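Here is the structure we will look at.
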């Protein structure tokens, strides 16, 4: 039996990047031999073992044969006569189909190193099309290595389009879609993930609400980039500069879903798109089973981003209602994430990338002002029940009025009815 370091560890080592996880392939062994040497079996579908000391994963070399739809419809053969090249052949990309023996010798039957140096993401074999998950994986790799100049090979993109045309993407579970997506959101350039999905015609299947934004115009005065889909990707790009939080990036990306269903005769205006978008955001986040904070923040950004942009103009009572709607008193940390998503939206426009966004600091000040009203003090003064709530509200509004006079004295006030907070 012979073991080889494979996959991402070899790829990243050759790129000069830190190697986080090391996976091994074992050739010429049986499960019984692995157990006899002290390895612990952990794989259910095919034999994967943990090294008795390092606890690194060691998988028996295997081949996979398509037996049904989706990414789970495979029959595995892990007999001892499976060669290393047989195992590498089943992998998705050439840069992931390299191996290294214990002496550091590279095994590269599919020219992965050449593609690595050329910065190309290329499929190993036509069997690439047998696994629909690879569409998302390639998009994620494209986003992960975009800053190094990697692009998807045209012939690989064609196979991704073929997978989409086959309808196989519908076999992907929500969990796998979200797993790939949230990993992409954590990369330096997640915009590339969604762009590659669009180029592969897969965005319409995976995120149809987002795909619907492309080709929808906005008012050039406020959106020189015009296209709503492009604006959404630009907002995501700006969110990456403002925060490493995947929740902020996701919220910035899908805040304008309501514009995708605006009747064409109303273009380029999108009246009430914030409220219209709420159901679309709910549908998307529930379909992909996004975690609770992702869903909450995306809904807030969708429903209230216009209020945030116009914060300096809003009346004191409307500002207090906005903070109440965002549950800012009890969840100030989430409100801060909301402000970052709104700032990303404002800056995600051609020519606006470097412009200041005073609304965020203004609303931070409004929240801090309201937090100085202590309910305990009012209780001590005898306020209870409904009277207590009314007095807290009255004092918050009065305090915000004074704050506005000091910090936004020249802003033209607009009532809550103008932004849907009546």
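In case you wondered, yes, glycine gets a Cβ from its N, Cα and C as well.
Among the features that Swiss-Prot reports, ATP binding site is placed at 8, 11, 91, 137, 140. Taking the Cβ of residue 11 (ATP binding site) as reference, residues of its chain lying under 8 Å away and at least six apart in sequence are, in sequence order, 95, 96, 98, 112, 116.
Listed in sequence order, the residues of the same chain lying 6 or more apart from residue 140 (ATP binding site) and placing their CB within less than 8 Å of its CB are 180, 183, 184, 187, 193. Here Swiss-Prot flags 8, 11, 91, 137, 140 as CTP binding site.
DSSP assigns residue 23 (Mg(2+) binding site) to a strand in the three-state reduction. Here the Cβ of residue 23 (Mg(2+) binding site) has 16 other Cβ atoms within 10 Å, regardless of which shown protein chain they belong to. The Mg(2+) binding site annotation in Swiss-Prot covers 21, 23.
Across the domain 'HD' (228-329), DSSP assigns 78 helix, 1 strand, 23 coil. The feature domain 'HD' is assigned by Swiss-Prot to 228-329, with sequence analysis given as support.
If you look up Swiss-Prot, you'll see 403-422 marked as region 'Disordered'.
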Per the 10 Å Cα distance test against residue 23 (Mg(2+) binding site), the binding-site residues 8, 91, 137 reduce to 8
Those same-chain residues, other than 8, 11, 91, 137, 140, found with Cβ within 8 Å of the centroid of the CTP-site Cβ atoms are 7, 92, 93, 95, 96, 141
DSSP says residue 140 (ATP binding site), in three-state terms, is helix
For residue 137 (ATP binding site), the nonlocal same-chain Cβ neighbours (under 8 Å, six or more residues apart) come out as 92, 180
